[in-house]
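K.L.:
What follows is a structure written as structure tokens; I'll ask about it next.
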Amino acid sequence: MERGPRDGGSRPNPWHQRNSGSGGGNGNGNNGGFSSKRGAARRYGTSRGNVDNQSPHKDEVVSMAKFEEARSKMEEAVKKHMVSEYESSDEEDDIQVDPIVGSVLQTYAAMGGASSDLGRTQHFLEEVFQSGAATCLICIGSVKRVDPVWNCSACFCFLHLTCTQRWAKDSLLHQKQAIEDLPRDKQPLAITWPCPKCRKDYESDCVPQRYFCFCGQKEDPTYHAWLVPHSCGETCGRPLQPTCGHTCLLLCHPGPCPPCPKTIRVSCHCGKENSRPLRCSQKSWSCGNSCGLILSCGSHRCSFPCHPGACEPCPRKSEQMCACGLKKQNRPCSSPVWHCDKVCGRKLSCQHHFCEKVCHSGPCGTCPLIENRSCPCGKRLYRIPCTEDVFPCGDTCARVLNCGIHLCPERCHRDKCGTCLEVTVKQCRCGSHRKELPCAKEFLCETKCKRYKDCGRHPCNRKCCDSQCPPCEKLCGRTLTCGQHKCESVCHRGPCYPCRVTASVSCNCGGTVIHVPCGRQRRTRAPRCNKLCLNPPECHHDKREDHSCHFGHCPPCMQVCNLKHSSCGHNCSQACHSAVWLKVEKQAPAGPWELAAPQLVQRNLPCPPCKVPIEVVCLGGHDTSMMPCHAVKATSCGKECGRLLSCGNHSCSRECHKVNNGDRCETCENQCELERPEGCSHNCPRPCHPAPCSPCPVTLRPRCHCGVTQLFIKCSDWTRPGADQISLSSCGSPCPKSFPCGHKCISVCHPGNCPDSEKCSKKAKAYCPCRRIRKEVRCDLLRSSEFLIACDDGCEAQKSQKEKLRAEEVKLLRTKDEEEARMEAERFQKRIDGSGRRKNRGRNQYDTVETGSRFSLLYIAVTAMSVVFVAIFYFQWSL
């Protein structure tokens, strides 16, 4: 069992920090110093042939000594690095949390408060001590114990003071910029800034400027190692919630104050029982008796057990009369008043009109038409009987039309006024265009608004906008500071709110979990866990020894191995060694940017040698001795062996030994004296042995018959009886010799002259005497004296043609020589005639050029004819 190497630069392991695996071997598979006999012999300078001449237990003693040394070093390393719980490093030193938290909560416990009521308060206390878990939601950085902080009064989260000031100023600035684009009638009365976590609104004058402790009594509290960070160490004194008149008795602490632990005397909800002493936070109690108070119906009493607050409505039903008293209905007793759907219809006091109210109680009242009534336009009042109608006054109506600007031009009338038909110059809603239209018709242009909405990112694009751009309804969709989620709010100005998702950071087993803001989980140290480690055992045991949850490797198993040795079957009594972490040799880094971290591999070390005592008989069966099980080995008694050697002539002179496949009696060292086969001159290489000798292994290297190839023949094959030496001396290749006719020999490599040279039937070329006619004939016919190829007429014509060409060539050469002699004579004459040299310079030059050009043309023609004749002759000759 072997696992891949683990980088030592990962999460530290409390069991293997520095000297892990220092005594567990050299990391190259030798398993703690156990080497083979061959390796031990090589290490101590002994060869394989004389290993039996050493002391009988020397290699086993060396192996055992090395194993014991490695085991002792391993146990020392384990004891040195045994810790009770997992610890890790951080940028802030760990402090003792339990005493400080106990001092904060001791007053609450002294008052009789229950630990279950301290849930949220204790969570905030643990968070403020946990380095890396307290995170500022604005900068997403750790809130250290010495940093000035501000805590929200609603959600009790504490943030960096400087981050809170910047957050508040940015929020107020963005709101002011957004308000500038709004009309004055729609501007808010006040601007606020929200808490980054719970969004509680704070006034603009509530921006924190100074650093106070959690209870707000002391400014700039100094950090003390035995006090809660950011606290003054004094009694909190804040009013408890819900308001009971008492104050918090804990020392200055983060988070909400716990419920009031004081004891007061309180009566039950109904007041029938005597008062009892109870916790102020749990002062409401019920006696369990029936309430008995008269319900709102006035007829029944409350049958519910003693309860807080007002009694519930009466659940019973009864027949209830409607308001007019004409109908009855079975209705809940809690709602006795109801109205039917019948119109009253009784005559009014005028005795002419009827009441139009629906189901009511009491008198119907006076007729509404008796009072003063006005004309339709409202300019005149009339007091006339209720039986008469009011007529129009005849004056101009002059009521304001629906446009709100012009008045109705018609006479007083009962119907509604019509639409305004007056034509006016109207301005569109955005104020960009003007046009003459009826007053009642609205004018909207097609111009799109190019102003940005309140988000500052998207244009309005509404036609004829009146500068009151609607709010942006798109989703923001920008990536939040956590880098994993996107903003789900409506598109807005300024930075997005921090991510509301929380991530969990747990210990290795997952039993202890803390919650941190999203994106912070990778930089937050895992919490301490006091639960037992749940990792399955890596060794062969069914259960691991109990220890606390941790990261990294589990401590080495210290149980007894108890495995059976494969060689002897005894159980191993040493400490478990099935899964041991060993440090391997350091590897060279890939470059200067990479650190060579130590590498750890898990290996299964073999069981140490078995030490159970066993009786061992000597090789000759004479004596017995007690030896450890791993060192059980038959030993020699020191007497001479005396067994007959394999040669059959001598006896073994070695000490008493056991004859098996790997160890035999000594061999006879005399030379073999048996006769060799006839023709073999080599000596037998074997020592003295029984007859016959083995075949001679010497290789002979004679040449083949043709003398081209060197053969390799064993002497035993060459000298065995009946061996064909002629065929052995043949290389098997074709004979390289030639027949007298010039053709190659067709036989395989052979001695002497080539046989059947007269029977060569290969084709050969035969020519006529002038070598113009060529034929292919058999070689044996060509060698006969009767075979002859005679010339024909073509040969004669070719001969005559050649003679003509030779004559013409001779003639041309003769003409050429005469011309050259003439030209040489002319040049000589010109040298002699020096007086007329200048006078006839131009004419002589022209004559020379003309004569040279003629001679060149003649020379080219003769050369061309010669080439033609030579080509014709060569072609005829090749045929």
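Cβ from N, Cα, C; glycine included.
TrEMBL feature annotations, pasted as is:
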type	residues	note
REGION	1-62	region 'Disordered'
COMPBIAS	21-32	compositional bias 'Gly residues'
DOMAIN	244-262	domain 'NF-X1-type'
DOMAIN	297-316	domain 'NF-X1-type'
DOMAIN	350-369	domain 'NF-X1-type'
DOMAIN	403-422	domain 'NF-X1-type'
DOMAIN	455-474	domain 'NF-X1-type'
DOMAIN	482-501	domain 'NF-X1-type'
DOMAIN	539-559	domain 'NF-X1-type'
DOMAIN	568-612	domain 'NF-X1-type'
DOMAIN	647-670	domain 'NF-X1-type'
DOMAIN	680-698	domain 'NF-X1-type'
DOMAIN	741-762	domain 'NF-X1-type'
TRANSMEM	857-875	transmembrane segment
K.L.:
Residue list, the domain 'NF-X1-type' (647-670) vs rest of chain: Cβ under 8 Å, 6 or more residues beyond ends.
P.N.:
618-620, 622, 634, 636-641, 687-690
K.L.:
In the same chain, who gets a Cβ under 8 Å from the domain 'NF-X1-type' (350-369) while lying at least 6 residues past its ends?
P.N.:
322-326, 339-344, 386-387
K.L.:
So, by DSSP, how many helix, strand and coil residues make up the domain 'NF-X1-type' (455-474)?
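P.N.:
So the domain 'NF-X1-type' (455-474) is made up of 0 helix, 2 strand, 18 coil.
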K.L.:
Go ahead and report the DSSP secondary structure tallies for the domain 'NF-X1-type' (297-316): helix first, then strand, then coil.
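P.N.:
Grouping H, G, I as helix and E, B as strand yields 0 helix, 2 strand, 18 coil.
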K.L.:
On the 0 to 100 scale, where does the mean pLDDT of the domain 'NF-X1-type' (482-501) fall?
P.N.:
83
